[in-house]
Structures are given as C-alpha cells and as structure tokens.
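Below: the structure, in structure tokens.
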Amino acid sequence: MASEGEGVLKKEGLPEKLRILPLRNMVLYPDLVLPLHVTRAGYRRLADEVYRENGLLAVVAQRNEEAEEASPADIYQVGTVGSIIKLLKQADGTYQIIVGASEKVRLRNISQAGDYLEAEVEAVPEDRSTSPEIEALALNLRMGFQKFVSLASLPLDLANFALNAERPMQLVYAVASHLALSVVERQSILEMPETKAALEHVTFYMTRQLEKLELAQRIQDRVKSVMDKRQRDYYLREQLQAIRKELGEGEDTSEEVHELAARLRDLEMPAEARGAAEKEIERLGRMSPSAPEYHVSRNYLDWLLEMPWSVSTEDRIDVRQAAVILDEDHFDLEKVKRRILEYLAVLQLKKDLKGPILCFVGPPGVGKTSLGQSIARTLGRKFLRISLGGVRDEAEIRGHRRTYVGALPGRIVQGLRRVGSNNPVFMLDEIDKIGMDFRGDPSSALLEVLDPEQNFSFSDHYLGVPFDLSRVMFIATGNLLDTVPAALKDRMEVIEIPGYTAEEKLEIARKFLVERETANHGLTSDHIRIGEDAILEIIRSYTREAGVRSLQRNLASVCRNTAKAIAEGASGPIHIDASGIPEILGPVQFLPETATRSWGCGIATGLAWTPSGGQLIFIETLRTHGNGKLLLTGQLGEVMKESATAALTFVRAHAADLEIEGEEFDRSDIHVHVPAGATPKDGPSAGAPMVVALASLMTGREVRKDVAMTGEITLRGDILPVGGIKEKVLAARRAGVKEIMIPHANMKDLADIPDHLRRDMTIHELQTISDVLQLALLPSPRQGGSSPRS
C-alpha cells in the first residue's frame, strides 16, 4: 500500500449504491492506495466501466479466500470507497490497476448485478476524539514503527509517512497495512469504531512482530559470531598445524583430532554432551601427544562418543507372544507375569512411557535373576546385570571425577556403553546387600538412578554431563528389604516372589530342570529317564529350601552318575526311581523336623521367616531352682527377647487360671533356648510359641507335636498379625506339619496360598492367647486342664 500523497481521489458526495470490488487476502484502508491484478473477466469489465466513468466502487475484503466468484455471503459488511487511479492492460488480457481509498463505508442489501455485486452504502464517520492517553498511544506506535521499519528493512519513507500522519486513525491504517496480519485481523482493525481500541490492537500486533524480528536478529548475530569464530579458529589451527609440521611433530595428533571430530558430527547426542565433546576435542588439539593429560582427555572422549545417547532397541510389543515367552521360561510367578504384560499393554498405547522400576524380593533360587533375562527377551531388549552385593563405594554408582588418576565412570554408565543401548533391561542384583563406609553411601546414589522424576538427567561424575536413564527398565532383586533404606524402597515397585511348594518344584523340575541338566551332561531320553517319584524323593529328603538350586544340584548329581554308568558300558535308557536315589545321593539328609526331636513339656514349634524362606523354629524351656531369673540363649535379637519377657509376664499374671502356684516362679530360674544357636534370630512372631512353651513348662501339660504356630503377643492377651505367612505355611508343609495356627488378622494372606495346599492343611485362626493355649496344650494327666481367659 502507498500513502495518500500518491493520488487518492476524494469525491464529493456518496452515491446510494456502489458496485463492489471484492479483495482476496487483503484489506484496503482509507487514505491508502493498493495495486491490484485483475484476472476475472467480470471484474475486468467493472474496472473498465469505473475507470472510464471516473466513478467510485466499494472495495471490500472477501471472507472465503478460496471462492473464485464471491457471493453476498462471502464478503464483509465494512469496506472502503475507492477509485481507480490507473489502469494498465497486460499482454495476457489481465489488468493491472491502482485503487485509492477515501473513506470507510458500511454495506447494506448486497445483491448480484450482472457479473458483479452491488450494495447500498452508508458512510462510517471516523472517530477523531483525542485525549492524553490517545496521544501517548499514538506516540508509542510511531516510535515502535520506526524500529519495525529498521528491523524489517522497509523503505525509510514509510517511517516518515507514519511520523507525518495527521490523525491517529491515519497512523493506525498506515502501520497496519505494513504488518504481516491475517485478513481477519486486518478487517477487525478496519471495523473498530474507537481510536483508542484501534491504537491498542495495532500496537499489540506490531509488538508481537517486533519480538519475532528482534529474535531473528539475535539469532542472525549469534550465527554470524559463531561463523566468525570458526573462521578465526580454522585460520589459527591451520597456522598451528603448519608450525608443528615445521617442527616435525603433531601430524598424528591432527589426524586423530579430525577423526574424533568426524565421529562427533555423525553422532546424535544432546546439546550439552556435544558441547562438552567439542570443547574436549579442541583442548586435545592443542596438546602434545607426549603430555600426561593427552591420554586422559582421549579416554574421556572415547567414553563420550561411545555412549548410546540415541541408540535404542525397538520394543517387541506383542502381549500374547510375551505371555507365551514368560510361560516358557518360568513356572507360576503369575503376579510378576501380569505386571510385565500390563507394562507392555500400556506401552502399546503410550510409546514414550517411562520404564518401570521393579524390585523382586524372595528367597534364593526362586528365579529372580533369570526372570529379568526372560523379561528382556519378552521385550526384545538387551539385558544387563550388575551385582551390588558388597558395594560400599559411591563411585561404583556415580563414577570417579576425572581429576583422579585411573578415574572411570560408574557401573551404570559402564554397563550402558557395554550393551550399546539406552533402553535395556537393567538388573541391580542383591540390592539388599549394598554397604556403606567412609567412601560414601551407594544406596543414596541409587536414589537418583531409580527415581523416574530425576533419572532423565542422571549425572555421572566422570562424564560430567547428564544421561537419560528414563527409558531403562530397572529391576532390582533382594532376599529381604529390611536393610534397604526407606527412601530407596519407596522408589521401587516391590513384587514378592515366595518359595515354591513341593508340587511346584516337581513341575519346575519336569518342565525345566531335568531337560536342562540332561542336556548339560550330554544325555538324551535314550540315556536316562527320571521318574516323578524320584524327583519328589529328592525334594522331600535331600533338599530343604524355598527355591530350586539344591534340587538342580542333586539332579546334576543323578545325571553325572548316569553319564558315568553309560561311559562304563551300561545300556540305556537307565530308569531312575525313588528307591535308587539313596544309592546315588547317599543317606537321606532331611527328615521331618518334628520326627527328629524328643518331645516333652516346655517345647513348642514356631514358624519363622528368613531371607531363605520360611522355616520351623523350636522354643525349648527348662526350669531350675533359683530366684525367678529369666535366661535367654540362642542369639536372640532385642525384639525376640522382649517377646520372651512378655510371654513370661503373661503366664505369671494368669498363674491362677493355669493352676500354677505363684511361688513356683519365685523359686525357679527359667531358661528359654532357641536351637541353631550360631544363627541370629529376631522378630515378634515367636511370641505365641513362647507363651505356649512357658505355660507347658509351668503346668506340666505337653504341647502337641503335630502343630506349629506364629503370632505376636501383647500383655493384654491379644495375638497380633505377622509377616511371611505364605513362606511359613510352606515351611510347615515341608517339615510334615499339617496343622498350623496363625493370627486372625493374617487370614486374608491365605489367598496367596494355592487351594490344593490349603485343602491338605488345617489352619486355625488366633485372636487371643487363650485360643492358642487351648489348641496347643494337651490335657493335664491329672485333670482336664484349663486355660486363662483374656
């Protein structure tokens, strides 16, 4: 658009009707001129007529920019009165015209008149009000437009025209015509009745474009500065290379630096890491190969350039196939399998899902580590495992700072470089055995690794730049979480993997272990056949564990024995049944624990939970002449000692109900012992068997040898819930005990125990100490006996 000075025609009076010239993609403002290219035949005739008549027309923006022929509904209701100042016919038959606008009009009753539209027009008077605020807005717009003209490289006479605008609205239209606005925004400015609102809107639009221009200018200046610096660096580097060449040194260094720079160019990595690498390459280029720091710098660059910054393995997201793979590799473990399949299902819906942080907790040999490998195979990812057992130095996790001699990254970064992928399945084995000393606390360093809100920018001390661990699927394993700090435990999704029953071990042996061990020893089904009765005999008489490692070792012994027999000339297949197991493995190693013990008053069977699974414990008590002392042995922890004290206090308080003479306690010293004295023991779950053993000792009533019990006691006589119910039930079953007593609040935990196990066992629920005494103590030889009410 141009200014009024270029010849806008002013017409005296305004006709009632005007022919309409619709504009596409533009708006013509009052007091401005606009060059137009007219291609449509109807509007060429209109231009001819108006130009010959020296007449007027209504110049209005078209709503639908795509429409070739505008209808009444396609044009806006407000436009300008225009006249054709100049008309030039082109060689292709089209017209080039210049239209000047005089004033703003409103269109009414738009109708079709032959090839073009016409409408009744009504002049819209311009708002010429003034105020200090309007003057300030106009001044601000003038100054901003001057800056805009400078940044946008527009002709300077445009700025002069804006400065010389006589009226605020004239300034508004002049500035708006040179801004990059949409038709809707341009039309809204034209239709604004108030000067103040128009000034504010145009100032807003201009400020928005000024910000873009200033940003573009800053970027251009920055790029120019970088280019100038690179040219200068290149010139100086060439000079340095020439000097070194004259001195006979540095040619190999230059080639090495160029090779590293080429590797960096081809590598996709974060900007911060790239900046660190570029800086180190530049530093390396200034060093002599004989300098002590040269190899340190070179090793650091190798680590930076070989990290899998953007290298990922594609996930194999097939939930059904994943279920098949998990079932092929592991028997049971339904809770873990369900969690992995849920993760895959969500990953199928949300591709940028952060990797879960799982923690498998259970006894040794239940398949925690192998489960991680199976998960990696299911996902199609690489598998990485590090053992944290005995790790005491924080640098093992975070790495050493490069200032130290022999510095290396931590084991997290080392592992990722080794597998060459930024989304492996990363197993942190034995997390419960991590240590701490004067060199730092590795468990605190793991807080950042295992926190989804932080590990996207994990910083290794050696690398010195963040590495994104959010795509890594971390799996921690441990036997017991008691030693794991609460903050670290809170960051992990703990999934408990209990021990296996004899039936489950049999299935695992049949489906996995027998085939694996026979193959490991070069045997086939033509050489050996191991019967189910033989496997059960090994499970019951030669192993006592929650997992299957001892079972696997014993099966390996059977296979070695068979391989020896075949090597000596025996013909296969050799059938192994239960009767042949003692000949191979020797005498039976484990009998039911209750069957191996002498019984009498003062002995009760309890259930304990250890990192290796559940097991039976025996509470033994004896009374000697004394003065009421309580002696505790068997490496008991503080909690277990307190349970013994509470049990004795309860029995003394209810001596009358139990038909015990009160003086008996004052005349006797009581000794409580828990066998396996070399093994430390602690926990509240021995409270119930302790009170039973003490009551049996003082009353002379024997305890049933076919029952085991667990539960914490209170001085008021309540039985409180304890942990590890499934493991304890399995331990009782392994030991041949088919009747157990558990706290009432733990009955809900029986849902984790298979139905076939519960059907074979009798489980009593305990609410008070009265319940356990009534169930566990046999009647007195002298009389029926009684138990206290609590």
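Cβ atoms here come from the backbone N, Cα and C positions, even for glycine.
Listed in Swiss-Prot:
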type	residues	note
ACT_SITE	Ser685	active site
ACT_SITE	Lys728	active site
BINDING	Gly362, Pro363, Pro364, Gly365, Val366, Gly367, Lys368, Thr369	ATP binding site
DOMAIN	18-210	domain 'Lon N-terminal'
DOMAIN	598-779	domain 'Lon proteolytic'
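Of the listed recorded positions, namely Thr369, Ser685, the sparsest CB environment within 10 A is found at Thr369. Same-chain residues that are not part of Gly362, Pro363, Pro364, Gly365, Val366, Gly367, Lys368, Thr369 yet have a Cβ within 8 Å of the Cβ center of the ATP site turn out to be Phe360, Thr477, Asn479, Ile497, Ala546, Gly547. Taking the Cβ of Gly362 (ATP binding site) as centre and 10 Å as the limit, one finds 27 other Cβ atoms among all the protein chains shown.
Note: the CA-CA distance between Pro364 (ATP binding site) and Lys728 (active site) rounds to 16 Å. Taken together, the residues in the domain 'Lon N-terminal' (18-210) have a mean pLDDT of 87 on the 0 to 100 scale.
A 10 Å cutoff on Cβ-Cβ distances gives Lys728 (active site) a total of 27 other Cβ atoms nearby, all chains included. If you measure from the Cα atom of Gly362 (ATP binding site) to that of Ser685 (active site), you get 19 Å. Listed in sequence order, the residues of the same chain lying 6 or more apart from Gly365 (ATP binding site) and placing their CB within less than 8 Å of its CB are Glu545, Ala546, Gly547, Val548, Arg549, Ser550. With respect to their backbone Cα atoms, Gly367 (ATP binding site) and Ser685 (active site) stand 27 Å from each other.
Mapped onto three states, the DSSP output places Lys368 (ATP binding site) in helix. Between the CA atoms of Ser685 (active site) and Pro363 (ATP binding site) there is a gap of 19 Å, rounded to the nearest whole number. Taking the C-alpha atom of Lys728 (active site) as reference, the shortest distance to any of the binding-site residues Pro363, Val366, Lys368, Thr369 belongs to Pro363.
Using a 10 Å Cβ-Cβ cutoff, Lys368 (ATP binding site) registers 26 neighbours. Summarising the environment of Val366 (ATP binding site), the number of other Cβ atoms within 10 Å of its Cβ, over all protein chains shown, is 28.
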